[in-house]
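What Swiss-Prot lists as domain 'ABC transmembrane type-1' is 88-266. Summarising the annotation, Swiss-Prot assigns transmembrane segment to 32-52, 99-119, 126-146, 153-173, 198-218, 219-239, 251-271 and lists sequence analysis as the type of evidence.
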Amino acid sequence: MTTTISQRKNRAAGANPLQKFWRKRRGDILPPIFGILGFLLLWQLISSAGLIKLPPPSSLWTDPRTRTLLMYPFYDQGGLDKGLFWQTLASLGRVAQGYSLAAIVGISTGILVGTQPLLDKALDPIFQFLRMVAPLAWVPIALVALQQNQPAAIFVIFITSVWPILINTTEGVKQIPQDYINVRKVLRLSPQKFFFKILIPSALPYIFTGLRIAIGLAWLAIIAAEIVMSGIVGIGFFIWDAYQQNYISEIILAVFYIGAVGLLLDRGIAYLQKLIAPGQ
């Protein structure tokens, strides 16, 4: 009996790290997998029964054009004839530019407004008004003002995603505990030390909340903008072009790409928050 118990312990100690990970995380991994498979199965049954006119998920493989897009995401024939990897990458490039600009402007302006109550009262109605404007409403304004698709698309991303960053940063600065302000006065901290030791750490949870909301809005905005703007490489224009040619399976495939990339972007910001501000 003692030998058997000892052997079991040795086997457990020498278990494959992958097996340990599976035993630890299978409760988190299996439910989403079953949920996704159940959704796809239900969709397949409803489409096959003719209850909806959308093609079933199996059409992503049975349709020759969509199967080619699945198997060759990196193909590039020049112009607009590119695989979905390059279409998605082009959209992500625009998102990176517009979102980065929004983060810089939103955080810096939010800190300024949050530390100046009079400025906050003066500008908050403007911020709240502008953030209610839908991304598509900015597209014609951006095209008229900038005259080019690429700068107009970046502007639409910026103007859509800057508001949650700015407003959440402002709120985070305003929520700094009064005790911290008193400590600053007692210790006579310099503005630089107050900024890095008190203000930024206190406001970080609010800033990252704004950043997570903004990355989703930025991704939605570029899809909407590219659908309206013709003749540019991007996942949004790819969807519109497929719709014009009635390639519904291609639209569904692109929607899967959009959802997957959006999820990865959100998880990326959440992971960045854990690295920079663990435990907050």
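Each Cβ is built from the backbone N, Cα and C atoms, and glycine gets one as well.
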Same-chain residues at least 6 beyond the ends of the transmembrane segment (153-173) with a Cβ under 8 Å from one of its Cβ atoms are 94-95, 97-99, 101-103, 105-107, 109-111, 113-115, 120, 124, 127-128, 130-131, 133, 135, 138-139, 142, 145-146, 199, 202-207, 209-211, 213-215, 217-218, 220-222, 224-226, 229, 232, 234
Contact set of the transmembrane segment (198-218) with the rest of its chain, CB cutoff 8 A exclusive, min separation 6+ beyond the ends, reads 95, 98-99, 102-103, 106-107, 110-111, 114-115, 135, 157, 160-162, 164-169, 171-173, 175-177, 180, 183-184, 189, 262, 265-266, 268-270, 272-273, 276-277, 280
